[in-house]
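Going by Swiss-Prot, these are the annotated features:
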ACT_SITE  H152  active site, proton donor/acceptor
ACT_SITE  K156  active site, proton donor
BINDING   G7, F8, K9, G10, R11, M12, G96, T97, T98, A122, P123, N124, F125  NAD(+) binding site
BINDING   H153, G162, T163  (S)-2,3,4,5-tetrahydrodipicolinate binding site
Amino acid sequence: MRVAVSGFKGRMGHEVVKTVLREADLELVAVLDHEPKEKNINEIVEFSSLDVPVFGNLSEMLEEIKPDCVVDFTTPKVGYSNTKTILEHGVRAVVGTTGFTPEQISELRSIAESKKIGALIAPNFAVGAVLMMQFAQKAAKYFPNVEIIELHHDNKLDAPSGTAVKTAEMMAETREFVKQGAADEVELIEGARGSEYEGMRIHSVRLPGLVAHQEVIFGAEGQGLTIRHDSYDRISFMSGVALSVRKTKELETLIYGLENILD
């Protein structure tokens, strides 16, 4: 498959480029940066042996290169518009950018289906993180008192993380509604109890040195249960990205969540 990478200078995009180069059945045909200084990726020392054009305009890249799939790891500000542009050009998309609303996902799914092409948006491409979400969903049926703590590097732009939101959405499907905390609790400092989704509290930590981590903490009388996943390196996401790129060939719709393509 001929693959282009959008956001290739970001930490995740850089790792995706290296992954595409490692995979025998994937070919890196173009990369995209919002303000490129280079015309070819070989102007970067690490990739000096390659011949891959660098683009600053997504539509131009799609029309000139015609990739089979674009992997997008950019920012919430442009993630939706990028994905829409990719799909409207009839190109498959694998998107790790977060911040999509349910309405945006629905619209993008309609475009993918009208074009009969596959696409996948996932808040997390680590298989361990997907298992964490599935385990939490099962546990929430029996432990409705639950809070989420997500921890990421301090350059992450959105909060709470897409993984935390997806976890809460999945737990809400099996969990009896409980508004977490005392009915008359008072925040002495605004935001001390975190954000709220369906009565569950979500807390976001941003610190240097972290990559991506999440704890789902359940409490009940006389017992507690904690489900935690840690990504210590961005390589943890790459097997999921490569799997998703290949899977788009089999799809004619947009899938939200890596768990929906795992056997």
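Every residue number used here counts from 1 along the chain in the order it is shown.
Glycine is treated like the rest: Cβ placed from N, Cα and C.
Everything Swiss-Prot records as a feature, shown here on the structure.
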residue : record                                          : CB count, 10 Å
G7      : NAD(+) binding site                             : 25
K9      : NAD(+) binding site                             : 18
R11     : NAD(+) binding site                             : 13
G96     : NAD(+) binding site                             : 26
T98     : NAD(+) binding site                             : 23
P123    : NAD(+) binding site                             : 24
H152    : active site, proton donor/acceptor              : 23
K156    : active site, proton donor                       : 16
G162    : (S)-2,3,4,5-tetrahydrodipicolinate binding site : 20
T163    : (S)-2,3,4,5-tetrahydrodipicolinate binding site : 25
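Proximity of F125 (NAD(+) binding site) to non-local residues of its own chain (separation of 6 or more, Cβ distance below 8 Å) is seen for G96, F237, M238, S239, G240, V241, S244, L258, given in sequence order.
Rounded to a whole value, the Cα-Cα separation of T98 (NAD(+) binding site) and G162 ((S)-2,3,4,5-tetrahydrodipicolinate binding site) is 6 Å.
In the three-state DSSP reading, G96 (NAD(+) binding site) counts as coil.
If you take the CA of G162 ((S)-2,3,4,5-tetrahydrodipicolinate binding site) and look 10 A around it, the recorded positions you hit from G7, K9, R11, P123, H152, K156 are P123. Classification of F125 (NAD(+) binding site) by DSSP places it in coil, neither helical nor stranded. Reduced to three states, the DSSP call for H152 (active site, proton donor/acceptor) is strand. Here the Cα atom of P123 (NAD(+) binding site) is found 13 Å from that of the residue listed as 'active site, proton donor/acceptor'.
In sequence order, R206, L207, P208, G209, L210, V211, A212 make up the list of same-chain residues 6 or more apart from H153 ((S)-2,3,4,5-tetrahydrodipicolinate binding site) whose Cβ falls under 8 Å from its Cβ.
Taking CA atoms as the reference points, K9 (NAD(+) binding site) and K156 (active site, proton donor) are 15 Å apart.
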